[in-house]
Each structure stands twice: as C-alpha cells, then as structure tokens.
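Before any comments, here is the structure.
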Amino acid sequence: MINNINRIKKTYNTFLNVNKLRYSTSIISSNILENDNNNIDDFEQVLKSTKVRMPTSALLLPKKPKVCIGMSGGVDSTITAKLLKLQGFDVTGVFIKSWDEVEDTGRCQGERDWKDALEASNFLDIPMYKADFVKDYWNRVFVDFLKDYKNGLTPNPDVWCNREIKFDLFFDFAKENFGVDYIATGHYSNLYYGEENVGDNNNNNLQLHRAIDKNKDQTFFLCMTKGERLKQAIFPIGGFTKENIVSFAKTIPNFSKITSKKSSRGICFIGKRPLPDFLSQYMTLKPGDFFDISTNSFIKGKKHKGSVCYTMGQKANIDSLSERYFIVRSDIERNIVYVCPESQFDQFSLYYEFNTHSFNWINEIPTEVKSEQGFKGRGICRHRGDVVNLTIKDTGKTSPIDGSVIYSVNLDQPLRSVASGQILCLFDRNTDRCFGGGVINSSPLYNPTQF
C-alpha cells in the first residue's frame, strides 16, 4: 500500500519537475493504481503534498489565495475542492446553473446535481452557493447555437460555454461576490504561468497544455477561451489521471454516490434526446428526401426529419438498406440530405485541407504562421479526436463573418468529416502546448450536379 502511494507521488512530482524547464512537458505513465487497498489517510497525504501551480504573483499574497471552485456534483470538481481544502486554500464552492431543465423537459437532473454538490461541500466544510446564468447562457451561447444549425453548421456549445460563462461571467461573479483571487475547475488540463511581471495584466507567459491523461484531456473545450481569462484560473487535477481521481474518491464513504455517476457526454442541455426532437422545440423542421449518391437517386419511401438536424459523418439510420449509410452533406436550401453506403464513404469524407476563422490565440502568434512555409503544428477537430500533424498559414484574407483573419490548414494525414462550425484545436508539433483554436470553414467534398 505504501509503495502504491509512493508511486502516485513520484508520478505527480515528476510531472511538476518538468515545469522547471520553462515550457517543457512530458508524457507520464498513467498506470499508477493497481489495487483499491488504500485508505483515506493515504490518499489525503498525496493530495496534501501535490503542489498546485499558480501565477508567481500568488506567492506575494499574505496567505494562500482565496479560490472559488465551480462544483457540478461530479467526482472531478469534488476532489479538486478537497485537494484545495487540504492544502489550506480559502475555498468557496459555486454550482453554476446555465439551463432551465424543468422548463425544457419537465425533469431536472440539475437539481440532483445541485444536491450532490451541496452534500459534498457540507462534508468538505466549505460554503456553497448557486449562480444562475440561465439568461446569460441563452443570450451568449444558445442563440448562436440555434443560428448555426439553421445555417447548416455544426457548433460545439460546450466550447463557447467555457469561453462565455465559466471563464468570463463566473470569474466576475466570484470576484464581485466573494473577493476571490482565482477560480478553479475540475478540468483535465494544465496551465503554465511562466515568469510574470507583477502588476502586468498581459498573458504573454501563459500557456495551456494538455493533461497527462490524454483520454480525459479537456484542452479542446478550452482552446477558444481568451488567455487573459485563463490567467485567472487554476486546474489542480491536470497532473492526475481519471483513475487516480476516482480511486481517491472511493476511499471517502461520503463520496460513494459521486463515484458511481457517469461522466456527461454530448451536448449538455440535449442529454439523451435525439437532436431532431430537441431542435423541433425551437425551430420548424421540415421533413425531406434522402439522396443516395451511390445510385444517383432519391431513396423512395424514406424521409429525414429536417436537413438542419444532420451532420456530415453521422449515421443516417435508414432502415431496410443493404448496408449502413452515412451523411455526406446536408443541403439546407433544398432540404435534401445526401447519403452514401459505408463502403464508399471515405471518398466523400476525408479532408486534407480547410480554412479557419475567428481564431483565438491564447498567447503570441507563432511568427511562422505568416511565413510562406507556415507553422507546423498538430491539431484535433473534436474531443478525443485523432491528433494529426498540420501546417497553418495566414492567407492574408479576412472573414466576411466577423472580419477575422482566415487561416489555411493543410493536414499531413486526412481527417474524416470535418464540418463547418466545428473547432480546430491547435497544438505545438513536439509538445502538449495548445496555441488556441479557430472555427472551421470546410468545403463539401461532394457537389451534386443533378437530382
């Protein structure tokens, strides 16, 4: 048991020692836990000795910083709060409400999550509050979500929720109401603050890096958040694996409920509902035809529920066909959804290039971006997606959407079904550093010539 604990400490300390090299990173084995024989005292020892990275200006504070943590009632934010509490931080918990589930569905998972968060905060002996951002979420995230779908795009509202709510309004709320120095979340990601000038409000030394647990890494959801806002945050569990966090929680009897909760997947406010059922509450959906590009004909007797509901790459779910069919393209104007058999799908779905706009550079823009050769990095286009080598270059053109710079992106290996409206998360070629992200604008690989 002692050896097991020492291995956890050694792994995390190795991760921290890497930070002494200005911006280096290292991939560390996540095969740390092999049994569940450890007790709460053992794991508390690990949490107490795990140093939390903070800006160097925090060292000038007369005592440990005052931190407000967003608590969801899940295991990640709960263990994050416990870690901070054990290390003497002045911790306040806030449950962020951004969606009115009762009005939307008549059910309320959010209230159950609130009760779980409240129970956890009571056990941890930290004050707990609820912040209502429902109207703000509607105006700053959901309205654009609906508009994008109406225009045939594939938005990711969770990315924009982080940018607009969790790392913008939430920090302002916490600062105004509780006078906090920083906010904390249970994100699996890492921030490197570098050598900062005290009193300097720029973020020239801030860097966002992937978590050591690549399967749970959430940097993708943070890549569109502005650097000056990330500078106000700390991510205490980015150096742990999900397995570590769950094992910590299992040693605490009061936390047994949260360890059995499933991680949320998909768009948070849609839940398990089919997308057409959800969108039909907010826009008029018109049934239409499926067009089979392998036979160059419409599929008789089969109707879709509205072309705005279908995204390139998803299963078409058309029954009574000889093989599985996939969405190739949705024509919003004609209300036609183009599909093809799985056996032919690659020729209409593999992308080697696309453009991005509205790019969010967390820190400085690499000088190579404006060179003829471009900047050679890596990228992903969806959470847990394939990480591929790429070259990104400033085209010298601006987007008609918002006047932002258009960047061309060329991939060394193709990515499947890169839809407009999705997000490109840009990484360094050789490290886990995230430079930021941009909104994808891709051209369909299939252009119909007849109907």
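Glycine is treated like the rest: Cβ placed from N, Cα and C.
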Going by Swiss-Prot, Gly70, Met71, Ser72, Gly73, Gly74, Val75, Asp76, Ser77 bind ATP; tell me which of Gly179, Gly186, Gly194 is listed for that site too. Gly186
Hey, what's the Cβ neighbour count for Asp76 (ATP binding site) at 10 Å? 23
Greatest Cα separation in angstrom, residues Gly70, Met71, Ser72, Gly73, Gly74, Val75, Asp76, Ser77, Gly186 binding ATP per the record, works out to 12
When you rank Cys161, His187, Gln422 by Cα distance to Gly70 (ATP binding site), which of the recorded positions ends up on top as the closest? His187
Whole-number answer please: how many Å between the C-alpha atoms of Cys161 (active site, nucleophile) and His187 (site 'Interaction with tRNA')? 14
For the ATP site (Gly70, Met71, Ser72, Gly73, Gly74, Val75, Asp76, Ser77, Gly186), what does the 8 A shell look like? I mean other same-chain residues with CB within 8 A of the CB centroid. Thr78, Thr80, Ala81, Ala117, Thr185
Neighbour count, 10 Å Cβ-Cβ cut-off, for Gly186 (ATP binding site): what number do you get? 23
